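Worksheet: the structure to be examined is printed underneath.
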Amino acid sequence: MNSMKTEENKSFSAMEDDQRTRPEVSKDTVMKQTHADTPVDHCLSGIRKCSSTFKLKSEVNKHETALEMQNPNLNNKECCFTFTLNGNSRKLDRSVFTAYGKPSESIYSALSANDYFSERIKNQFNKNIIVYEEKTIDGHINLGMPLKCLPSDSHFKITFGQRKSSKEDGHILRQCENPNMECILFHVVAIGRTRKKIVKINELHEKGSKLCIYALKGETIEGALCKDGRFRSDIGEFEWKLKEGHKKIYGKQSMVDEVSGKVLEMDISKKKALQQKDIHKKIKQNESATDEINHQSLIQSKKKVHKPKKDGETKDVEHSREQILPPQDLSHYIKDKTRQTIPRIRNYYFCSLPRKYRQINSQVRRRPHLGRRYAINLDVQKEAINLLKNYQTLNEAIMHQYPNFKEEAQWVRKYFREEQKRMNLSPAKQFNIYKKDFGKMTANSVSVATCEQLTYYSKSVGFMQWDNNGNTGNATCFVFNGGYIFTCRHVVHLMVGKNTHPSLWPDIISKCAKVTFTYTEFCPTPDNWFSIEPWLKVSNENLDYAILKLKENGNAFPPGLWRQISPQPSTGLIYLIGHPEGQIKKIDGCTVIPLNERLKKYPNDCQDGLVDLYDTTSNVYCMFTQRSFLSEVWNTHTLSYDTCFSDGSSGSPVFNASGKLVALHTFGLFYQRGFNVHALIEFGYSMDSILCDIKKTNESLYKSLNDEKLETYDEEKGKQESSLQDHQIEPMEC
């Protein structure tokens, strides 16, 4: 093993004490890239001389191949270039500095390793780095260019320009995805023919200015310009071509191999190439072009390897070169396609607006402050990325299944416009409302402890059913303590019927009504039903509550909820447990409507029904106006919420997020639109208000409801029943 020490600069000799070892000759010979018109006897340092054409060739002559096989670490040798740095245009700094780096490193990487440059760049925040090579290339350089592409004796003039916006990721550079691949250099004039502005940076938009573009062999011209980063972001939306003088014309899909070393001028069409009908077609073309680039470049590279040389090469060298060529990385193509698609989609929605709205929009949009523009650009970028994630093209098969898709889409747009006028909403605010309502913005997850607690309390919730001589119905109730159950006063009215004297109510209820607490999956057996005693001492029509008493049937009463009383919450989540529409026992989680928002809520619901009256079929409560429900809106004894519980849920207990009993569900009005039932208003009266009214009306009953002896008696009776059931189960004899 021989050792080799790089001696590019004497000042670096002390830093490079570690000698580099030369590995043995193997078949994995590194494929070397040389510039055009390079003499055979050139010293094989990391820096290559470049002719005026700046074309990079992949052919390697016999002498260079032999040297590579003897020294495979040749490409690891350091390259260098000089530069001057002018941070302030008023103060000219003529100091010359030298930067070093490996051939595979980028220009920016070599500059960052220089202490002077790294120190000066700290003070140039939010500025573009403009690099001009003034000796050999005579053009503005991309900072991502590998050092192997630079001719020897390259000298850079580096200046800083103020960036207008911060959406570009720092310094504009293109990362070299595959340093082992051959690079192509060509020039593009910074000012276009038809459209003059083709670059992002104003400092580059000067007469006579040229941009030096580097690209990987096998790429298209369009891909190289889009990935360069210095051209305008919507360059992919236009039809353009590159001209060499007045003779040769190159299109977007032309290969960069054809323009190597040439100076080209861009001619952009005045009309944008992508209209609404061409968006999907263009996206598909870009996807296929990406695959073709990758496939074609690999084929060309393999053909280049297998092509025999006139001077002759061994099969081992050809085989090793074929193995050393890795497949191209498609990440930059994906980024390129994403960057091109975002402005297309934005342009599509802008073009879909009527002309008068576009004029208004253009008048309103003024150039904001720099900090404001930075925030706007970030928001636009995030929205575009989210739009791309959810963007999907519907194929013809799906469209045939939905022939009315366009009509439905127009109907939705019309509805949104009417809602914006009616509610005085901006499109952004309207979108955020729908996003909150339907986009899972509000977390509705429930802890397991709360679920277990609610499941235990559901044992106290009963299904009440009655049949008063053909007058049938059902409702919900719950056990408060002992055999006392709470339900709604209007439920009692439904049981006994109209124009029935109150003195007859207890007997009628006792004969026609029954309660079960086990209707959770299947219809309960007769043993699981409780009758009701002819007892009705306390009820209140204003608070809509009534207290009934269960008749003993040998079974223990369910546990009561009298220990779980809590004040009603002003906001947050609540849970209702009941039997909506006479169905099995269910739990509904919903949100509380704060007192100050009730006045906005109910008139809006009424307006919704009136505005969409032409689209409804029946049962729209058109008699409600903005003055409706004013007593309930400002009533502090009520708790308002949005629930899906409808008929049959009156008398359901309402629990807060901690599982405490806060209200008795009493009032709910619904209307039918089409085949769907919508809630108009839902109320429950707080348990604190109900208990205070009971204490004023019948203090002895209030004490009985809070008597611990009733609960103790029920617990002992429940234990006796469970022990009797255990004794009844006898073991089988063998």
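Any Cβ shown, glycine's included, is placed from N, Cα and C.
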Candidate annotated as SUMO2 cross-link in Swiss-Prot, where the set is Lys122, Lys247, Lys284: Lys284
Packing count at His490 (active site, charge relay system) (other Cβ atoms within 10 Å of its Cβ): 17
Asp544 (active site, charge relay system) CB neighbourhood, other CB atoms within 10 A: 23
Between His490 (active site, charge relay system) and Ser650 (active site, charge relay system): CA-CA distance (Å): 9
Integer Å distance between the CA atoms belonging to His490 (active site, charge relay system) and Asp544 (active site, charge relay system): 7
Other CB atoms, at most 10 A from the CB of Ser650 (active site, charge relay system): 28
